[in-house]
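Undergrad: Below are the C-alpha cells for one structure; questions will follow.
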Amino acid sequence: MPLSCQHFRKLLLLDEEAGPLEEELPRLADEGLNHRVAEDLNLQLPNVSIPWTHKVGNFTGLYSSTAPVFNPNWQTPSFPDIHLHQDIINKCEQLVGPLTVNEKRRLKLIMPARFYPNSTKYFPPDKGIKPYYPEHGVNHYFQARHYLHTLWKAGVLYKRETTRSASFCGSPYSWEQELQHGAEPFCHQPFGILPRASIGPAVPSQHKQSRLGLQSQQGHLARSHQGRSGSIWARVHSTSRRSFGVEPAGSGRNHNTASSSSSCLHQSAVRKAAYSHLSTFERHSSSGHAVELHGFPPSSAGSQSKGSVFPCWWLQFRDSEPCSDNCLSHIVNLLEDWGPCTEHGEHLIRIPRTPARVTGGVFLVDKNPHNSSESRLVVDFSQFSRGSTRVSWPKFAVPNLQSLTNLLSSNLSWLSLDVSAAFYHLPLHPAAMPHLLVGSSGLPRYVARLSSTSRNHHHQRGTMQNLHDFCSRNLFVSLMLLYKTFGRKLHLYSHPTIMGFRKIPMGVGLSPFLLAQFTSALCSVVRRAFPHCLAFSYMDDMVLGAKSVQHLESLYTAVTNFLLSLGIHLNPGKTKRWGYSLHFMGYVIGSWGTLPQDHIVQKIKQCFRKLPVNRPIDWKVCQRIVGLLGFAAPFTQCGYPALMPLYNCIHNRQAFTFSPTYKAFLRTQYLTLYPVARQRPGLCQVFADATPTGWGLALGPQRMRGTFVAPLPIHTAELLAACFARSRSGANIIGTDNSVVLSRKYTSFPWLLGCAANWILRGTSFVYVPSALNPADDPSRGRLGLYRPLLRLPFRPTTGRTSLYAVSPSVPSHLPVRVHFASPLHVAWRPP
C-alpha cells in the first residue's frame, strides 16, 4: 500500500503521537527504511520513456531562452550628473574623525576602481548591439545607441576619438587631469635623457615623468599590451596624431605646472569652439606661452574605416536621385541641417592603445518586471567569466539569514534609501577602458548584417551604385517613425562609435564586489556618526533604523545630507518607511524574527497549484522550483533536507516525478511558515556527545547515557545525541564537539533523519566544546560515575561576516517610556 502523507508525517515524528524519541529517531537513520520510503514516494525510479515536462506554471528551464518582448515606446531613463567626490575619505573624517583601517581600505578600492584582465578578446563592432529583436532590428539599434549616448552625456562612458585619445563629459577626476591633453605640457630635453617611466626610443620632446600618477599603474598598462616595444604612455603624439597642448621649445617644465589644472579646465571649454570651427587656432595659457590646439575633422569617427570614398553615408543620399518611393533620400531631404557627423566631449584625455573593436555586446530589456515603459541596458561582458579570458572575481560575504535576523530583528522604526544608478557612482581608471568597450559599426553595416544582401556591400562599399541597396520599405518605415522620436540625431546615431566605461558597468563580476565594499564602508561611517541608530546595507539597498519615528526622521535628514555632500544621488521618491517591520532582501524582519515577503509566499502557493503529479519534470525546471522553495525552506519544519530528493535529481541531471504523497508533504510544509527568531546570548548548561555505539548527555548536574541497537556513523550518532539533549532538556543552547552538528546543515545525513532532526533542533544554538572538556564525553563511553565539572560556556550570537566594521549598537528590549531629545548619545547602546 502506498505511503500516505499522514503516515509519512508520522514517520518523520512531525505529529504528536510519536513514541519515545530514543527508540524512534535512530530508526530513521536506517538505510533500508530510507530506500523503502524513497521507492514508495517514487523518488528513485530510473529514467522512463515518458517525455519530460519543460514548463511548470511560469517556470521554464534555467537555460531556455524566453523571447524578450521589445517595446517600441521605451523611454530611456535620465541619469543625473553623478560625480562621487574624490576626497570622500576627508569628508568622512570631517564627520566621524579618523576612519578605521577597514573603512579606508574599502574607500580606496573605488577611488578609482581598476580592472586589468590578463587577456581580452576583441570583437568586430558589428557585434556591439546584439540582434535580440530581429523583427525590430533598426528600432532596437537606435534605442540602444540613444541609451549609450545618454550614458556618455551623463559622464558614465568615454568616447574613443582616436587609437590613443578619448573624450568624456562631466567633471574630471585628478587622475584624468594628469592624462588630459594640454594639462601637462610637453617640453624639449636637449640631451635626450628619458624620464624613468619611458622605455621607448629617445625623442626630443617628452611627456611628464609619470603619466598615471603612480608607477605601479604603468606596469598594468604595459602588461595589458605585451608584445609591443616600449611603454604605451612614453610614446609621443606626433603631429599626425594631433598633439594637444604642445609648448614651444626652451620653455622650462616648471612654467605651466601651477596653472595645469586651470588650463586643462579652461581648455575643455575652449575645445567646444574648436570643434565647431574645425580649425587650428592658438590660445595663451596663463604662463604666457602659446598653446596649440588642433580640431577634429568632421568625420573622424567615420573615417576610421579605410577606403571609404565618401565622408558620410547618410548625407550621400542628398546628392542622389530617389530610387523609389521607399528611398532613404526622402528622409534625408526632410532636413537641411542634420548636425555634425560626430560629437566630442568636454574633455579629452590620453588612453592606452584602444582598437576600434568591442569587448561586449549590449541590448535593451524592460527596466524591471513591474516597469515596462522604461528600458534598461544589459551589457554582456561574459567573456570575463568563461573560457581563456576568465577572471576569478574577488569573493565577499553575503549575510546569511540567521546573521541578518540577529542584527536587524528589533523593535526599531525602519526606512530604506534608494540610491539611483548605484553602480554608476564608482569611477574606473581610464587604463581599464580598452577592456570594457561597447559601441556599434554604424547603421549601414548593422542593416547589411541583418539583411541577406550583406555580401554585396563587401565588394563595393562606398560606391554610389550600391548606396540604394539599403533602401527598403521596412527600413524606410522604421526610420520615418524614428524620425519623430530622434529628429536630427538619426544622422549622429547612424555613424559608428566605440565607447569605453568610465564608471563600473553592471555586467562585470568585479562591480557587485566594489559596490558592496563601498556601501558597507559608508554604513560603518554612518553607524559611528550616529551611535544611537543602526545603518546597514547590501549592495545598493541601504536601511536606517532608530528607536522612534521622530529620531528616524531626523536621522534620515542628517544621513541624506551627508550622502549628498559626498556626491551620492538618492531617489527621495523611492524612500520607503516600513514602521517596525523592515522589508529587506526579500524578507520581512520584525521584533518577532524573520519571514519571507508576501509576494514570495504567493509565488510558492501558485507553484504548488501548477505542479503536475506523476509526470517527469525537466531537471532545469526543477532548478527553478528548488530556487523558489529553497528561499523559504528555513521557515518550514524540515527545512532544506525536505528538498534533498529534488537536489539529487538536479545533480544527476535526471527528470523528477512528484508522487502525490511527496507533493502533499511539501505543500503542508510550506502552508505554515515559522519565523526564524533572533538568537539570544546565554550560558550553555546542556552538553551532548556520542560514540558509534552509544550517546551521553550532561543536563546541568544530571548525567544520562544510552546505546544504539547497531553501530552508526559518528556524525549520525552525534546528531542523534543533540536531538535527545534538546527533547530531554528543552534547552535552546547545546554544547557539542561535532563540527557537522555545529554547522546546522543536515542535508548530508540519511534523508528521513535529516528532516526529523531539522524540526527537533529548530531554534537551537550550538556552542563548540573540545572533546577533552565535554562533560558528556564520559557518559557517552558508558562511564556514569566520573563527573567532569560543568564549563561556563557563554554563547554570543554572531552577525557573521556582514561588514560590521564599526561598533554596531545593540537593540533595546523595549521602547523607552519617553524619548529624550536633549542628547540621544547618552543612551548609546553597545553591540550584542
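Positions of Cβ are set from backbone N, Cα and C atoms, glycine also.
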Undergrad: For the Mg(2+) site that Swiss-Prot assigns to D540, D541, which of D418, D469, D618 is also named?
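TA: The record-listed residue among the candidates is D418.
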Undergrad: Relative to the Cβ position of D541 (Mg(2+) binding site), how many further Cβ atoms are located within 10 Å?
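TA: There are 15 of them.
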Undergrad: Given a separation of at least six residues and a C-beta threshold under 8 Å, show me what packs close to D540 (Mg(2+) binding site) in the same chain.
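TA: Same-chain residues close to D540 (Mg(2+) binding site) (Cβ under 8 Å, separated by 6 or more) are D418, V419, A422, F423, L515, T519.
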Undergrad: Quick check: which same-chain residues outside D418, D540, D541 lie with their CB within 8 A of the centre of the Mg(2+) site CB atoms?
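TA: Nearby residues not in the site list: S416, L417, V419, A422, S537, M539, M542.
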Undergrad: So, three-state DSSP: helix, strand or coil for D540 (Mg(2+) binding site)?
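TA: In three-state terms, D540 (Mg(2+) binding site) counts as coil.
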Undergrad: How many other Cβ atoms are found within 10 Å of the Cβ atom of D418 (Mg(2+) binding site), counting all protein chains shown?
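TA: Other Cβ atoms within 10 Å of D418 (Mg(2+) binding site): 16.
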